[in-house]
Structure formats: structure tokens, C-alpha cells
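Listed in TrEMBL:
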DOMAIN    41-258  domain 'DNA/RNA non-specific endonuclease/pyrophosphatase/phosphodiesterase'
DOMAIN    44-258  domain 'ENPP1-3/EXOG-like endonuclease/phosphodiesterase'
ACT_SITE  His110  active site, proton acceptor
BINDING   Asn142  Mg(2+) binding site
Amino acid sequence: PPPPPYTPAPATDETKVPVKNETARVLEALGHPGPIADTGYFGSYVSNFNRQLRNPNWVFEHLTAENLRREAGEKDPDRSNSAFREDTRIPMLFRARLKDYFKSGYDRGHMAPAADAKRSQGAMDDTFLLTNMCPQVGMGFNRDYWSHFETFTRRLTKSFSDVYVFTGPLYLPKPIPGSPNKYKVEYEVIGSPPNIAVPTHFYKVILVKNAVGKYSAGGFVLPNAVIPDDAPLESFVLPISAIEKAAGLTFFDKVPEIAIPGASAPLCASTLCSL
């Protein structure tokens with residue numbers, strides 16, 4: 001049978017408490033505090049939600065020319081029939097809420113775009129869950145440059161048989177003025193009371209495979225800010241290892257060509273990275 005639409009992430013090594021001493025036995029009896037990463041499995045994507053920041057840690061998609069089209073037997077999905085909604089599987093204490101975005105000045109920015117989920121109305125509806133959203137600057141970013149970047153990602157399916165995409169937020173440090181070699185992480189929190197962190201940046205890590213099974217990969221980091229339409233996409237390229245370090249995540253580590261530095265071609269050497 002297909003997997004359920006939502007299932008908790010498997011316990012990490014940190015939450016598998018070995019019963020080796022009295023302290024471990026007491027912790028096991030009282031309950032491990034977490035952190036818990038809520039992983040949801042949906043029609044066109046998988047998301048992993050951060051209960052502290054109320055944003056996804058990452059959202060994963062597998063795009064092909066075929067799955068970007070409507071499935072046989074389905075009606076053409078209509079975005080106007082989809083509605084933003086809270087993910088009721090997340091406990092209320094940790095949930096991103098619709099009211100948090102109200103008059104916040106930020107868009108509810110998709111990590112997995114609705115346009116990637118045209119296979120069915122249900123798949124498109126799933127992309128409107130708040131566990132697939134982050135606060136994004138609207139004009140000049142979410143509705144413009146970021147949207148063009150999403151189109152670029154879909155367009156890769158015309159040149160490659162498989163396109164694998166991780167998308168998510170970052171909270172990056174910036175220099176402290178007047179304090180050499182000192183940095184701070186600073187971000188807004190929206191909601192009343194404050195609830196959802198506003199990312200400073202967003203990443204996409206893209207892995208593509210061509211018709212003969214050769215891989216290429218690239219990482220991009222964009223500021224959550226107005227970006228001119230003529231800004232070169234390649235100006236936002238960063239090593240995947242730098243994104244992994246900033247996010248505390250590991251991408252595509254079971255793909256040998258990615259795990260071994262220099263074993264795969266850079267994405268922008270395999271295709272034109274231009275919007």
C-alpha cells in the first residue's frame with residue numbers, strides 16, 4: 001500500500017537512548033525531549049518540518065517531464081481551487097498558523113512550487129500546506145526572481161531525464177559593524193505572539209541525471225530580498241558543501257558521484273544556468 005500522507009521521522013542516533021547507565025534509564029523512562037523532525041509524504045514532495053523555527057528544514061522533489069504533466073484520468077488542476085492551510089498533524093504548540101502571516105508583510109512562499117504539482121488537484125492542494133511554506137519577500141523575490149528560478153528548475157526536465165531538488169531556508173550570520181571577525185545571526189519572527197522565523201536566505205540543491213545515467217549537481221543560495229531580474233543566476237552558485245555546513249544537512253550522500261568531490265560535473269557546466 002502507498003505510504004500514509006504523514007509519518008514521524010525515524011529516530012536519529014541521538015534519540016535512540018542506549019540503556020547503559022542509570023541516567024540513560026531515567027531519561028528513557030521520563031521521555032526524550034527531541035528534537036523531533038516531522039516528515040510528511042505528499043503527492044509531489046516530501047517535507048521535513050522544524051518545530052522550533054516553524055519552517056521546513058528541507059523539501060524534496062523528483063521532477064521528470066512526465067510527472068510535471070497531468071496524470072491520466074485526472075482533471076486539469078486549478079491553483080485557484082487550492083487554499084493555504086495549516087498542517088493539523090503538527091501539534092498546535094509547534095504549528096505554523098495562517099494568522100501568523102496575516103499583515104506580516106511577507107508572502108507564504110512555497111518550497112515545492114504549486115506549478116510542480118500539476119499531476120492532480122490533490123497533489124497541487126498539498127503544496128499549500130504551511131509545512132511547505134516559509135515567509136518570503138513578495139515583490140521582487142517570491143513573485144519575481146524566485147518564481148523565475150523555479151521555472152528554470154522545471155525547465156531542466158527538458159534536458160535531463162531526472163531532476164532531484166532539495167529546497168529550504170537558511171539563517172546566515174552577517175558581520176557585526178565595527179567588530180572585526182565577529183558575526184551574528186539575526187532574523188525577524190512573525191506572528192502575535194511571535195511564532196514563525198523569517199529566513200535570511202533560501203537554498204536549492206539540484207541533482208540532474210542525463211539519459212545515459214551521468215550526474216551533475218549544483219547549489220544555489222539566494223537572499224530573502226528583492227533581486228533584480230537581470231541578476232545572473234550563476235552569481236548565487238555556492239559549493240554544496242557550504243550549503244550543507246550552513247544548514248546542518250547532507251545532500252545526496254548515497255550518490256557516489258556527489259559524495260566524492262570532483263566526481264560529478266557542476267550543473268552550470270552541463271547546462272546554461274540562466275533565467
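Each residue, glycine too, has its Cβ placed from N, Cα and C.
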Roughly how many angstrom lie between the C-alpha atoms of the residue listed as 'active site, proton acceptor' and Asn142 (Mg(2+) binding site)? 9
Among the recorded positions listed here, His110, Asn142, which has the most company in the form of other Cβ atoms within 10 Å of its Cβ? His110
Quick one: mean pLDDT on the domain 'DNA/RNA non-specific endonuclease/pyrophosphatase/phosphodiesterase' (41-258)? 97
With H, G and I counted as helix, E and B as strand and the rest as coil, say where DSSP puts the residue listed as 'Mg(2+) binding site'. helix
